Amino acid sequence: MANGHRAPLAACVFLICASAAATVIVVYTAFLSAHHRLRPRPVHRLMRRRRRHRPTLRRQRRQEEDRRSSVTSLHTCVKVTLPPHPIPPFYCCPPAPASEPIDFTLPDPAEPLRVRRPMHAVGAEHMAKYERAIALMRALPHSDPRSLYQLANVHCAYCTGSYRQTGDPELNMQIHFSWFFPFHRAYLYFFERIAARLLGEPGFALPFWGWDVPEGMRMPAEFANSSSPLHDPVRNPAHAPPTVVNLDFARVENNLTDEQQIQQNLRIMYKQMIGNAALPSLFHGQPFRAGQSDRPGPGTVEMTPHNTMHTWTGDLAFHNVEDMGTYYSAGRDPLFYPHHNNVDRQWEAWRDVGAARGYRGHVDFTDPDWLDSSFVFYDEEARLVRITVGDVLDIDKLRYRFDGVGMPWVDARPPPTPNVNRNKGSSSLKSVRFPLSLHAAVTVEVRRPRVLRSRREKAVREEVLVVEGIETDGTEMVKFDVYVNAMEYEKVEPSGRELAGSYLCLSHPRMDGTGKATRIETSMRVALNELLEDLGADRDESVTVTLVPRHGKVKIGGLKIVYMME
């Protein structure tokens, strides 16, 4: 598998830099109007922005002013009120650093390349090493930033409103619902190196949970051993091995055979990695910049399978589906790290598939706000390190790679569901006014501004359905499905072609770092180019969109169709 950073199209640079609020060419039918805003300041998450030129004296002074306003001390991390009934409540903020953060430097190119392999194939000896690493982390004092307690708290602090945006304490820091992948890649990079240091094995590589391939679609047996350090008593006992994972799980079990579940999982992976991931912002999530809301919109993989696997693993007997099923406690489960290792692998897979098949949109951003955004972590020597997104784009330079599995989902393109009524006659639809609370299924006709687009035009611009103004109170998991041209949506399986996408988020704290009640406000995007071709609807002047609630309370602000180019 090739592992290099691939430069995006030149158009991406122009569009992102010219309009930070949206990277779209907008022609749409909308229930909410679009507004273009001036470029906000880049987001700084406990960070400063690196300058890539030699500064003049005047610029040095300005940089010093920027540095003072753009760096958030770890001392400012505050305790948030966790969701109802947390187990047990604890303080998520990291220990105070002994000194200011140092800038990250890449490992020596001569350092041995770590090969991350799937847990189902890595072998008992290597799994025993991971088990011992977790035991050593558990044994460290809670005050040690390399302890499992503190490593789990890293995720808690970055995901619960413990940190706020520099210069605007009313706005939170949140590493979900936006540019999702780089933070977690950096997080695992330091976790892996801490494990290697504790083990005394410099070449130790973190195994990954290959839930996207048939052989890996079960929880590894080592995690079900109650006497093992890998065991977490706060997991769903119904999902212990040999149960096959369900990448569409939403608190309700299905009655599929193992073979049917595996096929469904592969088709879901195709939709999330190819069909719905045609552009950087559709895959990675929407841009998150200083002065903006911290939840502009998640990418495909973040919602499914990332969030679904969190929910599938967590224990439904607990209000918040701890440990894995809620942000504040997910890092307590040793499965969290192999799970996110496979999420990290999907980033590489997405780029590799794009290169192999000529998908022009399967490239990363070149936006400076993306490249210069940074995070702080403690390393294997307990030093505080500042690392940027630009530092983590090339895993060869980070001295690791993935091996041991293929990508069987690349050819699992789901077919249209037979015998489904696709009637789009507007006369049969009830009038719908947005915003609305989604208590029951709602079907809406959305007009398409352009029909019969040429193949060349489709290659340049992706037609995208936007679900706007998604609002929840954050105290419970929320899931709803989005169907296109499926009046009889009940006949469509979770992997069916007409199920265009699913919104799924985990529970959040009741209060954020400012003491205000958490309110989740975000959006969702679904790619339409390939979907409309498969449904034979490319000539239609409108599509019917059906929103179906599956769990939790949610309000929807509106629907619109846009044409995106990045």
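Keep in mind that glycine also has a Cβ here, set from the backbone N, Cα and C atoms.
Residues within less than 8 Å, Cβ to Cβ, of His184 (Cu cation A binding site) and separated from it by at least 6 positions along the same chain comprise Ile175, His340, Val343, Asp344. According to DSSP, His184 (Cu cation A binding site) sits within a helical segment. What TrEMBL records for His155, His176, His184 is Cu cation A binding site.
Taken from TrEMBL, the feature Cu cation B binding site applies to His306, His310, His340. Taking the Cβ of His310 (Cu cation B binding site) as reference, residues of its chain lying under 8 Å away and at least six apart in sequence are, in sequence order, Met324, Gly325, Thr326, Ala330, His339, Leu506.
Per TrEMBL, the feature compositional bias 'Basic residues' maps to 47-61.
Of all Cβ atoms in the protein chains displayed, 18 besides its own lie within 10 Å of the Cβ of Cys93 (disulfide bond). The disulfide bond annotation in TrEMBL covers Cys77-Cys93 (among others).
Summarising the annotation, TrEMBL assigns disulfide bond to Cys92-Cys156 (among others). Note: Cys92 (disulfide bond) has non-local neighbours Cys77, Lys79, Val80, Asn153, Cys156, Ala157, Thr160, Ser162, Tyr328, i.e. same-chain residues 6+ apart with C-beta under 8 A of its own C-beta.
For the domain 'Tyrosinase copper-binding' (333-344), the DSSP counts in helix, strand and coil order read 9 helix, 0 strand, 3 coil. According to TrEMBL, the domain 'Tyrosinase copper-binding' annotation covers 333-344.
The region 'Disordered' annotation in TrEMBL covers 47-70.
With all protein chains in the displayed structure included, the most crowded Cβ environment within 10 Å among the disulfide-bonded residues Cys77, Cys156 is that of Cys156. Residues 116, 118-119, 130, 134, 148, 152, 155, 181, 184-185, 187-188, 191, 206-212, 216, 219, 223, 229-230, 232, 234-235, 301, 306, 309-310, 313, 323-324 of the same chain lie 6 or more positions beyond the ends of the domain 'Tyrosinase copper-binding' (333-344) yet place their CB under 8 Å from a CB of it. Cβ atoms within 8 Å of the centroid of the Cβ atoms of His306, His310, His340 (the Cu cation B site) belong to the same-chain residues Glu302, Pro305, Asn307, Met309, Met324, Ala330, Phe336, His339, Val343, site residues excluded. Around His155 (Cu cation A binding site), the same-chain residues six or more apart in sequence whose CB sits under 8 Å from its CB are Tyr187, Tyr327, Ala330, Gly331, Phe336, listed in sequence order.
Between Cys93 (disulfide bond) and His306 (Cu cation B binding site), the C-alpha separation comes to 24 Å.
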